[in-house]
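Here's the structure, in structure tokens; my notes come after.
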Amino acid sequence: MNPVVCAFGVIFVVVTLELVVAHPGKDVLGCHNGTSITVDECCAIPMLANKTVIEKCKAAHPFKPPQNTDDKGPRGHPGECIAECIMKGMGALKNEKVDGPAFRKAIEPVVKANPAFAKLLDDTVKQCHESINVDSEFTRYVTKPVCKADAKAFINCVYGTLFEQCPTNVWTQKDGCTQLKDKIKKGCAYFALRKHGGRRMRPT
């Protein structure tokens with residue numbers, strides 16, 4: 001790996017981890033500031049995972065306050081466990097790593113039913129899979145959490161990219177939608193900009 005790229009990656013990961021640790025539960029990037037609209041209202045991205053799998057995983061990993069508040073023990077977020085569970089249910093997580101080709105195979109019915117997203121989904125899955133593989137190399141020495149963050153990062157990457165490049169015939173020209181694109185480009189997670197209780201997979 002190029003030493004410059006490696007060094008940049010390490011710096012990025014360290015800074016990101018410091019932000020997360022130093023500001024637990026805070027909206028560091030201002031993702032919710034001045035936002036009155038949700039991503040659901042701007043681009044109707046199809047549900048990629050089976051609804052039964054999603055509901056089963058949400059029931060198995062409910063959102064609740066962490067038991068450890070003394071910064072001891074493994075760190076984790078229920079969203080990471082839900083995402084990991086969903087990816088396993090889709091057969092897209094093998095040996096604790098995201099399997100891009102398996103994910104693409106699992107969403108084939110969705111691709112066929114949504115031709116507007118077909119080409120975009122192919123490119124997005126490949127791009128996000130490659131990105132997650134690089135990030136995993138940089139973070140593999142971090143203290144092991146309850147659930148790996150790779151699955152959650154991959155799903156957020158896929159949906160975030162689909163939103164940023166939403167097909168014109170699906171995109172809704174509403175005030176605030178372009179602002180949401182800018183927020184995602186800045187680093188806000190797609191699922192952090194969704195409505196609560198939505199019908200699609202929600203790992204954050």
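Every residue gets a Cβ built from N, Cα and C, even glycine.
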Disulphide partner cysteine [Swiss-Prot] for Cys81, chosen from Cys6, Cys31, Cys147, Cys157: Cys147
Cys57: disulphide-bonded cysteine as recorded in Swiss-Prot, out of Cys6, Cys31, Cys42, Cys85: Cys85
Candidate in Cys128, Cys166, Cys177 joined to Cys157 through a disulfide, as Swiss-Prot lists it: Cys128
Long-range Cβ environment of Cys85 (disulfide bond), under 8 Å and at least 6 residues apart: Val53, Lys56, Cys57, Ala60, His61
